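Among the features that TrEMBL reports, DNA-binding region is placed at 104-202. The domain 'Response regulatory' annotation in TrEMBL covers 1-95. Annotated domain 'OmpR/PhoB-type' per TrEMBL: 104-202, in sequence order. If you look up TrEMBL, you'll see Asp29 marked as 4-aspartylphosphate.
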Amino acid sequence: FGHEVRVANDGQAGWELVQQEDFHLLILDIIMPKMNGLQLCKQYRQAYGYQSPVIMLTALGTTDDIVNGLDAGADDYLVKPFSFQELEARIKALLRRTGVEPAVPLLSCGDLTLDPSSHRAIRGKVVIDLTVKEYRLLEYLIQNQGTAQSRLTLLKNVWDKNFDTNTNVVDVYVNYLRSKIDKDFDHKLIRTVVGVGYMMEA
C-alpha cells in the first residue's frame with residue numbers, strides 16, 4: 001500500500017510502541033494477549049487524545065462488539081474476513097480527515113527523479129514539467145529501466161490502446177522527453193535499442 005508499518009505481537013508491546021513513536025494511524029485487533037484491543041485503545045485515547053485515528057480489525061462482528069469498539073475510541077471498525085481494497089480505502093479516508101496523505105515513493109534512474117505526487121521530473125537541480133503522456137511514458141520506462149521496451153509494448157501500456165504499429169507516436173514522445181531530460185546533460189538516460197525500441201539506463 002505504500003505505508004511504513006510497525007507490528008506489535010501483543011497489546012502490551014503495542015502500548016510500549018505507541019509511547020516510543022508517533023503514528024499516523026493505528027490498526028488494532030481486539031483479541032490480543034496481555035492487553036486486548038479495547039483496553040489499548042482506551043489507554044491510548046486517555047494518554048494521547050485523538051491525534052491519530054484507530055481502526056479495529058477483528059473477527060468479533062456483532063452489533064455489541066462494534067459499539068464497544070467505537071465507544072472505546074476507535075474511528076472505524078472492520079470485521080474479518082475483509083477485503084484489502086476496503087481496508088486501504090478506509091485507511092486513506094481516515095488519513096484524509098487528519099490531513100495526512102500516504103507517502104508516494106519517488107522513482108529514479110541515475111540522477112533523474114520522478115515525483116508521482118507532482119508529476120514532475122527533477123534532474124540534478126533542474127525541475128522539469130511534463131505533460132500527462134510524457135509523464136506516463138517516462139514513468140513506464142523508469143519502472144522497466146535496464147530492459148528494452150518495444151514500441152508496441154509502450155503503445156499498449158502508456159496509451160492503453162492497440163494502435164496501428166506503423167504509427168510514430170512513441171518516437172515523437174520519446175523525442176519530447178529527450179529534449180526535456182537529456183538535451184542539456186552530457187549523460188543520456190534514454191537509449192535507442194536498434195530493432196527493438198527504447199530503454200532507460202543510468
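Using N, Cα and C of the backbone, Cβ positions are placed for all residues, glycine too.
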Next item on the list: Name, in the order they occur in the sequence, the residues of the same chain whose CB lies under 8 A from the CB of Asp29 (4-aspartylphosphate) and which sit 6 or more residues away.
Entry: Gly37, Met56, Leu57, Thr58
Item checked: Segment confidence, the DNA-binding region (104-202), expressed as mean pLDDT -> 89
